[in-house]
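Features of the protein shown, as given by TrEMBL:
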COMPBIAS  283-299  compositional bias 'Low complexity'
DOMAIN    32-265  domain 'Rhodopsin'
REGION    283-318  region 'Disordered'
TRANSMEM  15-38  transmembrane segment
TRANSMEM  50-69  transmembrane segment
TRANSMEM  89-112  transmembrane segment
TRANSMEM  124-145  transmembrane segment
TRANSMEM  165-194  transmembrane segment
TRANSMEM  206-226  transmembrane segment
TRANSMEM  241-260  transmembrane segment
Amino acid sequence: MRGVVPAVLEQGHEAIVVGAVFAALTTFTVFLRFLTNIQTRSKFSWSEGTLLLAQILYIAEYAVQAWGLDHGTKIRSATDGRLAIYLQSIYIGALFYFPVILLTNLSILFLYRRLFPVESFKRWSAILMVCHIVWFIPSFVVQTAMCTPPSVMWQRPDLIKDKCIPYATFFIVVCSFELVLDAAILAMPCFYIVNLHLPWQRRMELLVIFLLGGLVIVTGVLRIRLSIEPGSTAIDFMHDILWLDIHAGIALVCACLPTYRPLIVKASSVVSGSVSKIFSSKDQSTDASSKPSDSSATQKHAKMSDGTIGSSPPMRKKYDELGSIDEVGLVEMETKSAYSAVSSIV
């Protein structure tokens with residue numbers, strides 16, 4: 001495995017850039033999530049609260065990493081004082097990772113509980129929430145106390161083998177359990193979506209949106225594979241930092257994707273309306289018989305762009321009939337379809 005100093009000199013700047021890109025991307029996607037809530041007049045709940053907190057911690061994590069990497073890329077020797085700053089930033093930044101993942105996944109599960117208001121689904125989501133907390137507590141404690149004392153990592157790197165846990169083993173175990181939990185979260189909505197009373201194209205559309213979360217598992221596997229080398233008790237810090245930012249960033253993005261359809265529908269309606277006006281102004285010299293046709297087409301588009309997946313207007317029943325939820329406004333399924341789907345599974 002390459003040394004700490006050569007690794008940061010080789011990939012430090014790359015990690016800073018990648019982290020900045022994902023910090024900006026996640027900030028934008030979370031902003032769109034809240035904008036969608038405002039546009040659809042959906043209530044702010046635990047899902048939005050945990051997501052916002054996760055995003056704040058993600059930015060804090062990147063800030064600490066960038067601070068350390070900036071010093072790390074200027075290291076001139078193994079005795080350079082900036083090496084201690086770099087190693088300290090690695091230690092502190094890693095502590096942010098666990099709450100970021102916990103809060104992001106809790107946000108997804110809270111969202112699921114709104115989208116699928118079924119007792120069995122709520123029960124399974126509650127079990128997964130408990131599992132995440134059980135994963136988080138020991139992982140965070142061990143990460144915090146990985147060395148005795150923790151300052152050994154940056155003050156006496158030569159004593160790491162004697163004073164610190166075999167981190168590679170801990171890393172593999174913790175990340176593997178996390179991926180199992182991620183897979184469970186990914187699978188949960190699929191069983192319900194396939195039972196929706198909607199055209200198969202719409203069901204596939206929903207499945208694709210949720211299954212994009214599989215990117216989290218892919219990046220998690222790559223993180224383990226690239227950070228570990230057989231026979232070593234340590235990990236490649238630079239690969240870990242790089243893929244940690246990508247992995248957690250994609251998790252935050254995927255937590256927002258299922259909520260975007262109302263915003264996309266509204267944006268499409270605005271763009272379509274603008275295009276129609278442009279062509280209408282160009283065709284003013286044509287006969288007046290085309291105008292009613294354009295008007296009827298616009299009316300038809302307005303009916304279909306109210307945020308529904310089905311071709312017919314949504315049944316605007318009070319959402320309390322399915323529980324305290326706003327799943328119709330988020331995933332855009334008809335109330336009757338949602339109720340029939342979840343009822344057939346219970």
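Each residue, glycine too, has its Cβ placed from N, Cα and C.
Residues 108, 171-172, 175-176, 178-179, 182-183, 185-186, 189-190, 193-194, 196, 236, 239-240, 243-244, 246-247, 250-251, 254, 257-258, 261, 309, 331, 333 of the same chain lie 6 or more positions beyond the ends of the transmembrane segment (206-226) yet place their CB under 8 Å from a CB of it. Taking every listed stretch (50-69, 124-145, 241-260) in turn, the largest tally of C-beta pairs under 8 A with the transmembrane segment (15-38) is reached by 241-260.
Cβ atoms under 8 Å from those of the transmembrane segment (241-260) belong to residues 11, 14-15, 18-19, 22-23, 25-26, 29-30, 32-33, 36-37, 51, 54-55, 58, 61-62, 65, 69, 90, 93-94, 97, 100-101, 104-105, 107-108, 111, 115, 182, 209-210, 212-213, 215-216, 219-220, 222-223, 226-227, 330-331 of the same chain, restricted to positions at least 6 beyond its ends.
Across the domain 'Rhodopsin' (32-265), the prediction's mean pLDDT works out to 90.
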